[in-house]
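All remarks here apply to the structure that follows.
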Amino acid sequence: MQEMVINNLTSPAILFFILGIIAALVKSDLKLPTGLNESLSIYLLIAIGMKGGIELAEHSFHELVRPLVGTLSLGIIIPIITFAVCRRLGIDRKNATGIAATYGSVSIVTFGAALAFVEQANIAYESYMSAFVVLLESPAIIVSLVILKLLESRSYKQEMVYRFSATSVYGPIIKEGLFGKSVFLMVGSLLVGLIGGDRALTVVKPLFIDLYPSVLVLFLLGMGLTAGKQLAAVRKYGVKLLALGILLPPVYGFLGVVIGYYSGLSFGGTILLSVLAASASYIAAPAAMRASVPEANPAIYLGMALGLTFPFNLTIGMPLYYEMAKWFY
């Protein structure tokens, strides 16, 4: 494992991420141009979605049933466990919901780095794994919000009718969970790749496949700058949150390995699913929380995701999940 960790830490993408963190911690005036982060996010969403769609077109539904069920089960189980743990630790409902949605959903960039990780290690994986990112984006957000509304209705029965009306609760939940910009763009790109198939590949390969590793390096530099700032913010909220941000990823990573193995995925596919399970969203879930649970503190769930879990997964997590997967294969 030591060699795998060193190889991962010395890859250009991770080194630039660490460089960004250092720049933030020493208060350098380094920053990416305004709007570039958003542009790079759009690029990554399209690249991952298109690749997943093109590869998905080559597989029958029968091949996908078990992995699909396994992936969806992660999107339901993880937010429920996270919410329960947070409440057990004394975190209020609103912030517990924010953390549950964040950790139940996925980090697109962590998955992108995981793809680079397995490819660099020459590990074969199911080509349709990119499509499963979409499956894990929305369920956790919806499950977390529904848990909160169920608990609120129990506490405030006189408001039950209001709280469960389609316009006041489920409308916003569905809108943010299914039509938030990151989910919408990735699903749309996946459908374009699925419909276009090999014809689409010749068009998108030069920009969205060949240049992907280089663009990821630039994006991770910006993410390092953001993570360094969030790390300082999350320290204010005590040891419990610091521990959660570090301990949840390996637990969920192992859960991803188990489900990947019993879903019939290959060694490489199981590693990727474990990374998805261990990651925490900082795009789709926070956007949904800001709209649906404005009382939840973004510094907590976003700080944990970006300041703790994201760096952990990029540096130590991926080699760790690789070793976990070896226990089964």
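A Cβ is built for glycine as well, from the same backbone N, Cα and C atoms used for every other residue.
As recorded in TrEMBL:
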TRANSMEM  6-26  transmembrane segment
TRANSMEM  68-86  transmembrane segment
TRANSMEM  98-118  transmembrane segment
TRANSMEM  130-151  transmembrane segment
TRANSMEM  178-195  transmembrane segment
TRANSMEM  207-227  transmembrane segment
TRANSMEM  239-261  transmembrane segment
TRANSMEM  267-288  transmembrane segment
TRANSMEM  300-322  transmembrane segment
Are the transmembrane segment (68-86) and the transmembrane segment (98-118) close enough to be called in contact, which here means at least 3 C-beta pairs under 8 A that are separated by 6 or more residues?
yes
Taking contact to mean 3 or more CB pairs closer than 8 A (sequence separation of 6 or more), are the transmembrane segment (6-26) and the transmembrane segment (300-322) in contact?
yes
Within-chain partners of the transmembrane segment (300-322) [C-beta distance under 8 Å, separation at least 6 from its ends]:
1, 4-5, 8-9, 14, 17-18, 21, 95, 98-99, 101-103, 107, 109-110, 113-114, 117, 121, 220, 223, 226-234, 237, 241-242, 244-246, 248-250, 253, 256-257, 271, 274-275, 278-282, 285-286, 289
